Amino acid sequence: MAFVFYCFLQVLVSWVIHAVQPFCLPECTCSEESFGRSLQCMSMSLGKIPDNFPEELKQVRIENSPLFELSQGFFTNMSSLEYLWLNFNNVTVIHLGALEDLPELRELRLEGNKLRSVPWTAFRATPLLRVLDLKHNRIDSVPELALQFLTNLIYLDISSNRLTVVSKGVFLNWPAYQKRQQLGCGAEFLSNMVLSLHNNPWLCDCRLRGLAQFVKSVGPPFILVNSYLVCQGPVSKAGQLLHETELGVCMKPTISTPSVNVTIQVGKNVTLQCFAQASPSPTIAWKYPLSTWREFDVLASPIAEGIILSQLVIPAAQLVDGGNYTCMAFNSIGRSSLVILLYVQPAQAMPGLHFLSTSSEVSAYVDLRVVKQTVHGILLQWLTVTNLAEEQWFTLYITSDEALRKKVVHIGPGINTYAVDDLLPATKYKACLSLRNQPPSQGQCVVFVTGKDSGGLEGREHLLHVTVVLCAVLLALPVGAYVWVSQGPYNFSEWCWRRCPLHRKTLRCPQAVPQCKDNSFKDPSGVYEDGESHRVMEEDEEVEKEGIS
């Protein structure tokens, strides 16, 4: 009987102890410490902080767990929490309101996570925070007023991150430092401020001048854990210690060039040069009128610290390449620009270029192309350059064998495309672009022939054959058409010989020099061919008649 009573007593005591013991999360351990109740979760399988934390916790320590973010509302039942350790997890994001339920928080440790930035204004909800440990993350910047809401912070560790530039104002605006400045003689009763900045890839240029001065003169109340901040860049200062490096004052770029006026003969190569000096080193870009049509190589090379030489290489300059070339340099301080005027002198004969002239000595260079085929038609695109400063109007003429009257479209300044819709199958069309109201005979033309209608819209997607019926029109030969001519049943010379009766003795068309020979013109898209053999008009009489018109 005594033995039975003893067993009953043991079970009763065990039940009472279990009933009194507070709840603890699975995979975690709870304990009573001198500062209060503590929860430790090591190598948990959870992906977020559980929402059923035991109440009245003073410390939470979660480490080596797949924890990815701190979201708003995670700490709803933890208003008394003072110590939060979330080291060696995978935290990448801290939401702005994640800390709003932690008014008593005094210590936040986030070592060894994957943070790229910190929502510094979130610390408005934790005015009692004294320790902030962010080492071994991926933070690459700290705003100048980052610490303004951390009024009681005395320990900040942002070492082993990806910081390259930090203003000394970040630390001079530290509220604890400002408080010392205000108290003056009574400041000796305040705690020192511990700061850790080492093992960052510091870029030692003028932007770190203030921090370098701060490190050189650092002393109480500041204590640097490691004052040896090593420069990783620029190359000339790599490996040097920041406090031993002489850094100049930042300045915006200044630009110079050997010549602001450059004159060359057409067809010659030319290189425009631009020198930019700035601190920190500038970035250089070029702007010129035909940048959307002709793309030139740009070479950049450092001449000295803070001095960059940029070269714009123009191969086989054409008349249309003349104009203003703007060299632009910019850095974090400002930007500057310089204009270089390029003048391309014409040669006696200009094969490959087509000019439109008027009686008032106004001329224009025109490059007319068929750049795209749609289900219902084609898209024409052109490049025009006139010898007058004011913008010019152009007239687009579209005719066909079937149409009784030609279509006339007046094109205003700034427009360089036109869609031709509702094309008939098996029909030859001619599009000409003229200056102002000049007749189409004085413009540049492109001729295209639609293929047979092979069944519905799907067939119409492949009905276009761009072909050039006249040798004279080869001046406006689009890239797609030129590919067809060079790959068709005749070679280029034979085709011209068959189609140009006046030039059959020479076996070539002297004016038929295809544009884009140097591939410098950017062709938005070639014309789609349908795989059928291209047919040249069979009647020589029709060709000759077209040549007369």
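Positions of Cβ are set from backbone N, Cα and C atoms, glycine also.
Taken from Swiss-Prot, the feature domain 'LRRNT' applies to 23-54. The repeat 'LRR 1' annotation in Swiss-Prot covers 80-103. Annotation source Swiss-Prot lists repeat 'LRR 2' at 104-125. Residues annotated as repeat 'LRR 3' in Swiss-Prot: 128-149. According to Swiss-Prot, the feature repeat 'LRR 4' maps to 152-173. Per Swiss-Prot, disulfide bond is recorded for C274-C327. The transmembrane segment annotation in Swiss-Prot covers 463-483, and the record cites sequence analysis as its basis.
Secondary structure at C274 (disulfide bond), taken from DSSP and collapsed to helix, strand or coil, is strand. Under DSSP, residues within the repeat 'LRR 2' (104-125) fall into helix, strand and coil as 6 helix, 3 strand, 13 coil.
Across the repeat 'LRR 4' (152-173), DSSP helix (H, G, I), strand (E, B) and coil residues number 4 helix, 3 strand, 15 coil.
Residue environment of C327 (disulfide bond) contains 25 other Cβ atoms, counted within 10 Å of its Cβ in all protein chains.
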